[in-house]
Amino acid sequence: MNSPATPPRSLAELRRLTPARVALGRAGASLPTEALLDFTLAHARARDAVHAGFDATAITAELQALGLPTLQVSSRAADRRDYLARPDLGRQLEPTSRAVLDGAIKAVDVALVIGDGLSPVAVAAQATAVVRHLLPRLAAVRIGVGVAVVATGARVALGDEIGAALGARMVVVLIGERPGLSAPASLGAYLTFGPRPGLTDADRNCVSNIHASGISADEAAHKIAWLVREGLVRKATGVALKDESGSLMPELPKS
């Protein structure tokens, strides 16, 4: 005789498995008050994350404590309003910042760029932890990191100009991702082989969703280190390099 089928989980049980807004219920033709207030709060947190200040000095001190020579630069975006209205300015170095890079160590394997992006709070919360886990992994395979560059008003492509100025074979950009309603502090890592102005997203690999409820700093560093090593060996990133790093995460229990 066959054993009885396992009953399906209730919607309430499913809700505990995801921060996504599912099975919220209703009150008449609208949402219940609790769900509506929760949505409003999440939206406010996402907006605050975009407009939060970026403490480049604090990030610089944290990276220097890890033994990394660290420089500070800015994009051509004069302020946050400029940054949001003119994405193109966030992809270009401000002239005096270019002069800062001209005096830095050249011809390195990897240049690390930490940029505020669209969520400075994500950078403050996650970036140093990712770097802390990443450095020994790169050192273990004899991949050198020259300097870390902390960039204010940064878009992802700013790393291309920074990497080119440093003569780096590859650039790794850790940057705040666009805040979501369930993840206002998510960090992304973008890797580009042969960085230079004019490259597109097709030339990059991305490790995204790095935050407390997503990919951990250790897991992200594992993936980044694998992509860096393989990218340098194959002399390619982006669509030419598939992430086959595997996972450090434990397997989910079988139902």
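Glycine residues also receive a Cβ, built from the backbone N, Cα and C atoms like all the rest.
Per Swiss-Prot, the adenosylcob(III)alamin site holds Val156, Cys206; the candidate it also names there, chosen from Glu177, Glu230, is Glu177. Other than the site residues Val156, Glu177, Cys206, same-chain residues with C-beta atoms no more than 8 angstroms from the centre of those residues' C-beta atoms, the adenosylcob(III)alamin site, are Gly117, Val173, Ile175, Gly188, Ala189, Tyr190, Ser208. Overall, the recorded adenosylcob(III)alamin-binding residues Val156, Glu177, Cys206 cover a maximum inter-Cα distance of 11 Å. Here Glu177 (adenosylcob(III)alamin binding site) comes close to Gly117, Leu118, Ser119, Ala122, Ala183, Ser186, Leu187, Gly188, Ser208, Asn209: these same-chain residues lie at least six apart in sequence, with C-beta atoms under 8 angstroms from its C-beta.
Residues within less than 8 Å, Cβ to Cβ, of Val156 (adenosylcob(III)alamin binding site) and separated from it by at least 6 positions along the same chain comprise Arg91, Gly115, Gly117, Val173, Ile175, Gly188, Tyr190, Asp201, Arg204. The 10 Å shell around the Cβ of Cys206 (adenosylcob(III)alamin binding site) contains 17 further Cβ atoms across the protein chains shown.
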